[in-house]
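Reviewing the structure listed below.
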Amino acid sequence: MSQLTHINAAGEAHMVDVSGKAETVREARAEAYVEMQAATLAMIIDGSHHKGDVFATARIAGIQAAKRTWELIPLCHPLMLSKVEVNLQAQPEHNRVRIESLCRLTGKTGVEMEALTAASVAALTIYDMCKAVQKDMVIGPLRLLAKSGGKSGDFKVDERHD
């Protein structure tokens, strides 16, 4: 089993020193879901929500969150992201919204936390915008779909077991 990289021999939390690592292109994708009633989803789809364009607001919130991950997650490094993408898809057959985020950079550390933060904050924004019409929406699951670049190698969710 791998060791926890943020914990030293004394069990204390520390930011990982990446100064000796090579710069490589790194990319990560994450997804989150927001389950809701059909009527709530219909308001989002047809644009009749009184707060405005829910998807546009959630997309911008997710992008902003990815850029500020280092301020939210204590041991994350500040990163110069070269790409952040947040896509939202209404899935009326499941009464939910699927959010997929992508983050990319050329750097010394991965962007998994940025992708996860983008997807989660986009989901939270949907909840915030729609809570006046439905308070029992469910956020989740949230997960990393894939990562590439870096010493630990590539990772991709085995979608055959979804």
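Positions of Cβ are set from backbone N, Cα and C atoms, glycine also.
According to Swiss-Prot, the active site annotation covers Asp128, on the basis of sequence analysis. According to Swiss-Prot, the feature substrate binding site maps to Leu75, Cys76, His77, Met113, Glu114, an assignment based on sequence analysis.
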DSSP-derived class (H/G/I helix, E/B strand, else coil) of Leu75 (substrate binding site):
coil
For Glu114 (substrate binding site), which residues in the same chain are close in space, meaning a Cβ under 8 Å from its Cβ, but six or more apart along the sequence?
Ala28, Ala66, Lys67, Thr69, Cys76, Leu79, Leu81, Val84, Cys103
If I restrict to non-local contacts, at least six residues apart, and a C-beta distance under 8 angstroms, what lies near His77 (substrate binding site) in its own chain?
Met15, Val16, Val18, Trp70, Thr109
Using an 8 Å cut-off from the Cβ centroid of Leu75, Cys76, His77, Met113, Glu114, can you name the remaining same-chain residues around the substrate site, in sequence order?
Thr69, Trp70, Ile73, Leu79, Thr109
If you draw a 10 Å sphere on the Cβ of Asp128 (active site), how many other Cβ atoms land inside?
15
Given the binding-site residues Leu75, Cys76, Met113, which one has the fewest other C-beta atoms within 10 angstroms of its C-beta?
Leu75
Give me the Cα-Cα distance between Leu75 (substrate binding site) and Asp128 (active site), rounded to a whole Å.
27
